[in-house]
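Colleague: Attaching a single structure in structure tokens format; questions to follow.
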């Protein structure tokens, strides 16, 4: 029964996590259409790529005992492909300054992962110490990944608009956090459950911000329409006033029979 429950949570967690990794597709369709990265940040996608690399490595038999963490390999393997695609698209459509920023963030992170993989494979003799090394670093990166939307949330509060914090991404983040927290507790693995302790409340906070600011764009646009309407009325009043003045001048000219032009 317990094994069936773990399997069910793992499968649902995989679906939620793949949905989380796939959610930015909407964002990057917009980037491709506009040929601009606009105000979107590349940092969350680079951190997510590192997270997927670490937990794929954590789930492989090199680090874990045989295939005990196979669900981590499947979901994070898909995540590697998607996150890498996002980073490459972002790099392609960035400004020259943006390309330098992406390279300065991504290259050290990828080199760091290679160093961790080599150290865990050759410097540690048993699975226990390998899991401790990779899991500890993965735990820190996962917390950073779940915390990275704080940058976007700050922008949401400042602009009072959720335009750059897509709802599908926030919703999938919340669901994935809850499910992996449950799975980590079931298998008693702190490195699997730990990140979701941070991710779950942050996911709730994102949803709260969506509820608060999702109509803000409409509210901002309404005053502009009112201003234009008022401006049109003022122009009409000016035209009517001008017509009355011309009519008055014509009457005066008729009375005096002559009128200077």
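All positions are counted from 1 along the displayed chain.
Heads up, the Cβ atoms here are built off N, Cα and C, so glycines get one too.
Look at TrEMBL and you will find 6-28, 40-60, 72-93, 105-125, 131-152, 164-184, 190-209 tagged as transmembrane segment.
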Colleague: Looking only at residues six or more beyond either end of the transmembrane segment (190-209), which have a C-beta under 8 A from one in the stretch?
Modeller: 58, 69, 72, 131, 135-136, 138-139, 142-143, 145-147, 149-150, 153, 156-157, 162, 165, 170-171, 173-178, 180-181, 183-184
Colleague: Same chain only, please: residues at least 6 beyond the ends of the transmembrane segment (131-152) with a C-beta under 8 Å from a C-beta of the stretch. Say none if there are none.
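Modeller: Apart from its flanks, the transmembrane segment (131-152) reaches 41, 43-44, 47-48, 50-51, 54-55, 57-58, 63-64, 116, 119-120, 124, 164-165, 170, 173, 177, 189-191, 194-196, 198-199, 202-203, 206.
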Colleague: Decide whether the stretches the transmembrane segment (164-184) and the transmembrane segment (6-28) have at least 3 CB pairs under 8 angstroms, with pairs required to be 6 or more apart in sequence.
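Modeller: Between the transmembrane segment (164-184) and the transmembrane segment (6-28), contact is present.
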